[in-house]
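What follows is a short report on a single structure.
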């Protein structure tokens with residue numbers, strides 16, 4: 001029997017029987033040539049090619065022993081680059097466990113083990129990680145304490161304010177791991193891995209007793225130290241809370257003197273402060289914003305305001321020491337607290353204060369005095385305003401609506417809202433402000449004399465870059481070209497780091513969220529430059545040609561996408577710092593994953609192990625969306641779906657969907673005119689969606705959904721819809737294209753494997769050895785005919801429906817819990833809640849309409865389409881009719897369409913009479929009697945369903961038809977039903 005091809009290429013999924021063959025093949029993707037000629041500049045992929053070159057060109061014979069072997073070379077798709085090394089050398093990993101990549105001195109861990117290690121005096125030349133693996137425990141403990149004290153002193157000197165203002169400093173990942181390693185040793189010799197005294201020695205018992213006594217004393221000492229540290233942390237925390245309350249009281253007095261604010265802002269400021277502090281992991285600039293604000297409030301004296309009244313009005317400005325930028329930041333924090341506390345009217349009031357202060361006072365004031373430091377302060381305020389506006393989707397609120405419930409305000413504040421000016425703002429406006437102003441300021445700071453200023457505030461520009469890249473869909477941020485050559489990680493610029501991903505995946509720090517966000521943002525902008533047709537009409541032609549791409553061509557871009565996914569989507573459940581409930585769900589998912597791998601053919605193991613993971617953060621979903629974008633390069637699909645889902649006018653929805661149908665029929669679904677490349681990217685996006693669709697009821701498994709905002713939920717809905725359309729196109733290719741070699745395509749094989757409930761159907765077709773696998777002898781062989789087409793299509797329908805219902809419920813929960821509620825604390829209805837609730841209602845209705853119409857159109861397209869199935873039903877083949885139906889009935893696709901219509905029986909239907917007429921005419925001209933009869937039966941069923949829905953669910957005859965949402969509001973997303981041949985046969 002031929003050897004199984006279990007070694008899979010990381011870029012094209014081509015299979016090989018030997019690992020060195022796979023390694024050489026992957027070099028053709030990465031253009032890696034590790035064998036260099038010593039006589040010239042030539043390099044080669046294989047060693048024998050170098051030997052032939054030297055023999056024929058230079059007339060010399062190389063000694064084979066001096067050349068590296070294929071096994072000695074590092075495989076860049078298996079062994080990652082370690083960013084902690086300045087030289088970027090590769091580091092080996094063991095069976096999916098990632099090595100700690102950030103030692104205290106920035107050096108690698110030495111993985112070599114020595115049975116008799118000697119204590120070296122050259123401690124300065126080795127890292128702390130090396131010391132801990134070589135020295136006894138007592139020496140380790142004594143050598144690490146001074147280092148920890150020194151690092152803490154350095155942190156206190158660098159951040160003196162943080163020790164007093166309640167902003168905890170996050171220790172490095174290496175510090176946490178090293179502290180954890182101290183508690184894992186049970187004896188002084190456990191780190192050595194050997195016994196210092198032979199077991200047969202007479203002194204062994206004495207030594208063992210001494211070791212046990214020493215261990216007990218050490219454990220007691222560690223417990224005492226741990227208790228002391230806990231008490232110290234609790235004492236500092238109490239001090240920080242008291243200090244934070246004191247500066248909040250000072251802020252209240254400051255705002256009363258500044259603009260006569262008489263609202264109690266203590267609770268809202270604390271709520272907003274804590275929220276921003278929690279978000280500092282994703283946007284690290286928040287930590288500095290809070291630190292500077294607390295420092296200002298801590299050092300500002302209230303008596304300065306009292307002394308102001310002692311001077312005439314002409315001199316008050318010189319003695320008025322209030323920092324307007326910090327006032328704007330304070331307004332933002334207070335507005336954020338009111339939003340989280342379900343008081344949107346109050347939040348908008350303070351948001352408008354901060355916006356008007358920035359736009360009408362601070363920016364014009366900078367234009368007059370031209371203070372360079374004010375530019376950075378402007379960006380701080382504008383970034384925080386933009387974050388709040390987008391995160392809480394304030395575009396759905398009527399920000400200029402006058403409040404008529406004056407009694408809902410506190411005494412003395414009823415007329416304050418009328419004095420505020422109108423604010424004309426939406427998502428596009430605030431993004432344009434941040435995009436333009438950040439580019440202008442960064443361009444001003446690029447001068448040689450002020451270049452240090454932009455480098456010292458580079459973290460601010462990286463955070464702006466992340467935010468703009470996520471929400472601007474058509475083009476990269478204007479600061480993209482400026483930041484390409486700025487240092488991102490140690491000595492790596494953004495360009496150099498991204499180019500490393502085209503040749504190897506990188507061992508990234510699991511806690512460095514900002515680095516991952518920047519990498520995803522850079523990849524997003526690169527794809528915008530490659531695939532977006534729309535460019536700035538005012539941009540000169542010469543500058544368009546000078547746009548700098550990170551990757552030279554699309555093949556290199558494809559390699560980078562594959563390796564970035566492998567670097568960021570790496571998942572190690574044992575290293576995740578999660579709570580017990582989430583850890584239980586993650587362990588359960590790991591069991592499901594291992595069960596799938598163990599029971600699958602060996603040649604599928606590598607693909608399943610690499611690509612099945614849980615998207616735990618929104619940037620994981622962003623990366624999957626970008627991976628899908630490379631497959632579907634037609635961005636018109638994305639724009640059309642976004643327009644249909646976000647419109648608020650019913651007539652526009654119908655009109656847009658008609659255009660969308662034409663786009664699908666004439667362009668997208670025609671794989672011959674618009675082909676797609678079936679490669680590993682298809683598996684990267686499909687595995688998580690298909691596998692997780694069965695476990696969506698495990699609430700703790702998808703905790704990232706609770707942290708998303710409404711705009712992110714919209715993008716996620718579009719991603720699932722676009723993936724579903726891609727799967728429909730792939731389904732057509734598999735069943736129609738005779739050039740597809742399914743028996744040698746591991747991508748399509750594994751896709752069918754995880755879809756089918758009865759895996760034996762696929763194994764029987766591929767003639768795979770099933771001696772070690774669960775196998776059903778009586779199963780039907782998978783065939784590319786009508787019946788199996790509808791079986792797989794219904795399976796995709798079920799997965800799509802589960803995900804859409806799951807996202808709908810999650811979006812409703814997030815909106816109701818984190819943004820606004822029906823009533824305020826005073827009992828008065830929040831008027832802005834109606835706007836937000838109406839927006840969510842329109843979105844849910846649009847999604848429901850779109851799902852139903854899409855499913856209806858696709859079923860009609862597959863029945864009336866001109867594509868032919870690769871295989872026809874063979875009446876003489878017993879495998880195709882074992883326990884099913886006879887050829888005379890042939891209602892396979894009819895049953896499938898009826899079942900598909902039943903899935904969405906509660907959805908509104910889009911009536912299009914002209915399409916039904918064409919549909920009937922096509923049936924009259926079809927020579928196949930069985931198809932014509934079956935289609936007519938299904939059409940009557942559709943018509944009955946349409947009349948039932950229109951009578952029961954629609955209210956009114958206007959374009960703003962409102963669906964009776966209560967009928968399917970509580971429908972839970974269910975596990976994918978088993979759509980097997982037996983079930984399909986029973987329905988006939």
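The backbone N, Cα and C atoms fix where each Cβ goes, and this holds for glycine too.
Of the listed segments 35-59, 135-159, Swiss-Prot assigns zinc finger to 35-59.
In Swiss-Prot, the feature zinc finger is placed on 7-29, out of the ranges 7-29, 214-236. Residue counts for the zinc finger (7-29) under DSSP (helix as H, G, I; strand as E, B; rest coil) come to 11 helix, 4 strand, 8 coil. Within the model, the zinc finger (7-29) carries an average pLDDT of 78.
In terms of DSSP secondary structure, the zinc finger (35-59) contains 10 helix, 4 strand, 11 coil.
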